[in-house]
Amino acid sequence: MPLLWLRGFLLASCWIIVRSSPTPGSEGHSAAPDCPSCALATLPKDVPNSQPEMVEAVKKHILNMLHLKKRPDVTQPVPKAALLNAIRKLHVGKVGENGYVEIEDDIGRRAEMNELMEQTSEIITFAESGTARKTLHFEISQEGSDLSVVERAEIWLFLKVPKANRTRSKVTIRLFQQQKHLQGSLDAGEEAEEVGLKGEKSEMLISEKVVDARKSTWHIFPVSSCIQRLLDQGKSSLDIRIACEQCQETGASLVLLGKKKRKEEEGEGKKRDGEGGAGGDEEKEQSHRPFLMLQARQSEDHPHRRRRRGLECDGKVNICCKKQFYVSFKDIGWNDWIIAPSGYHANYCEGECPSHIAGTSGSSLSFHSTVINHYRMRGHSPFANLKSCCVPTKLRPMSMLYYDDGQNIIKKDIQNMIVEECGCS
């Protein structure tokens, strides 16, 4: 009984929300200042004289977002030379060779970087000893199982050099990937060596570096293409052989594993005579243990990608999509007070939202929309007659450089100005 009462309460609450929310088109064109995408979608597109109406809707929206009642009256514009000089000095824009100003859209670039960072995972894997001497084994974490695009991959090795080394200043360190069989063709410019190991394995040179042998320090070896091949083959294990022919001559040595770990694997349970005070050295060597640093992300077409890209209207689809619409400030006579950019991408959303599209992952606007659609599809009152709408699901900011009524140059960053993607509410 309490469950039925709770269900009835939720339905009543949702009914109140729906009744109190304005329906599309109930306010005529008054929605233009706050939602240009909604206003443009309601205007007729197939009427020859509809273009001016769409431009007027865009004008009202821009003025509203800049908190202006009307366009500034620029009676005596600042001389072009003075304007360009001020822009260069203040670093608010970039002046091209043709004299046009390109505004530096910092917020847009920052938003793109933040989105990319959110989609990128960083995994650090410490080395274990390999099956043979001077070999390392890396087992990439299961966290990376869904990652298929390598942004960066590096192996970090510590070169330990004695203080008395004076014989050689440089040594060459090479990294070879060990495989049972070389699969697929090698990328252009890569070098490969096939060396028989028990008649089964082969080796491929994946990184090489000439390093300074006069001081103890970390050295970084890029292995992005190697890890990319590994992920493409659906593998997570990497076996590496380290070669440094000149290291013995200089007395330098690569710390491939800490002493404690090496002793365990070689079965040396007892300490040798004279090693009683070596605990500090062992701990220090453990801190120099090799590791693999991997930065990777999911591919664009991954089935479990966090967010699907919205559709672009191309005339071939009639479901919810983004329609491109560009307004040039020069064409509408606004380039006298708007310095940059040269126009506005007034994209809008249009198309149908059938029941199998509305409320699905990637097209749903919110959890509330999904719940409403769940009841609507099952014919539950009061949602049976409600229809899904094609609305913006992702917007991006826009920077503008313009004159105000006092001939002052203003730079303003406006949030949620350009429609990037559309979906069904």
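Backbone N, Cα and C define each Cβ position, glycine as well.
For CYS424, the disulfide partner named by Swiss-Prot among CYS349, CYS353, CYS389 is CYS353.
Recorded disulfide link (Swiss-Prot): CYS390 to CYS320, out of the candidates CYS320, CYS321.
When the candidates CYS313, CYS321, CYS389, CYS422 are compared with Swiss-Prot, only one is recorded as disulfide-bonded to CYS349, and it is CYS422.
The disulfide-bonded residues near CYS424 (disulfide bond), taking a 10 angstroms Cα-Cα threshold over the set CYS313, CYS320, CYS390, are CYS320, CYS390. Annotation for the disulfide-bonded residues CYS313, CYS320, CYS349, CYS390: lowest Cβ count within 10 Å of the residue's own Cβ, CYS313. Here the candidates are the disulfide-bonded residues CYS313, CYS320, CYS321, CYS422. The one whose C-alpha lies nearest to that of CYS353 (disulfide bond) is CYS320. Distance noted between the C-alpha atoms of CYS313 (disulfide bond) and CYS422 (disulfide bond) is 10 Å. Around the Cβ of CYS321 (disulfide bond), the number of neighbouring Cβ atoms within 10 Å comes to 21.
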